[in-house]
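Structure first, then comments.
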């Protein structure tokens with residue numbers, strides 16, 4: 001089922017979405033340009049960088065609109081290049097963990113050996129939400145060994161997978177051009193590349209958040225178990241990085257504006273019930289994981 005917001009939403013909701021997107025990116029653009037003035041030596045240098053960015057944007061747009069590159073070729077080329085760039089960076093650039101990342105990595109090494117005493121440290125009593133990502137790292141260490149490179153390579157895989165999910169989700173929600181533009185932007189966004197060599201929780205969490213969004217856009221809430229998979233995806237992402245509340249809020253807006261409206265008990269009732277199921281699964285998995293951590297001390 002191809003979902004197009006322009007067809008399933010009211011004209012007013014569609015216009016509001018376009019206006020909100022335009023305002024958001026306009027503000028982001030202005031803030032970025034103002035910040036660049038503090039980075040570059042002169043206004044002319046900042047303007048030159050701006051011009052280069054515009055040229056790059058036009059090049060991206062040309063690639064996105066190039067119909068001679070088929071869907072199958074695009075889904076191979078862009079994620080493939082994204083994988084290569086991230087892998088080269090992770091293998092060649094030595095980024096030893098430091099600060100919080102070092103503390104969590106040492107805790108993961110201990111957890112892989114069955115030592116969970118770190119959980120009572122001041123760090124984890126103050127930032128208990130980091131336990132989820134620490135245990136994820138411990139699992140990777142347990143499966144593949146202690147070299148940090150394994151964690152970095154898996155970061156690369158999560159990030160590359162997210163590129164494919166971004167393409168698929170935007171393409172389903174809007175159109176092929178939007179899917180390509182979004183995928184290219186995410187694939188070549190510099191911080192997404194350089195952060196692959198850092199033991200941060202953003203890669204695995206973003207993959208699962210995007211997976212939940214992809215499932216929501218692809219099947220909506222019409223699938224028999226789609227609500228369960230969406231809830232699990234958002235919950236796993238939240239366990240890795242506690243920003244799942246933003247996605248739950250977006251889910252509620254999506255269902256209210258684009259799916260359940262105009263209201264009717266026969267049509268809207270099942271949608272709201274499945275939405276409630278997503279929220280229940282989201283919080284139930286977190287409670288289960290928290291209880292398992294408590295039992296382990």
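From the backbone N, Cα and C atoms, a Cβ is placed for every residue, glycine too.
As stated in TrEMBL, the feature transmembrane segment covers range 12-35 out of the listed 12-35, 108-131. Only sequence-distant pairs (6 or more apart) were considered; of these, fewer than three Cβ pairs between the transmembrane segment (73-92) and the transmembrane segment (206-232) are under 8 A, so the stretches are not in contact. Confidence for the domain 'Glycosyltransferase RgtA/B/C/D-like' (138-281), expressed as mean pLDDT, is 87. Contact between the transmembrane segment (149-169) and the transmembrane segment (206-232) holds: at least three of their C-beta pairs are under 8 Å, each pair 6 or more apart in sequence.
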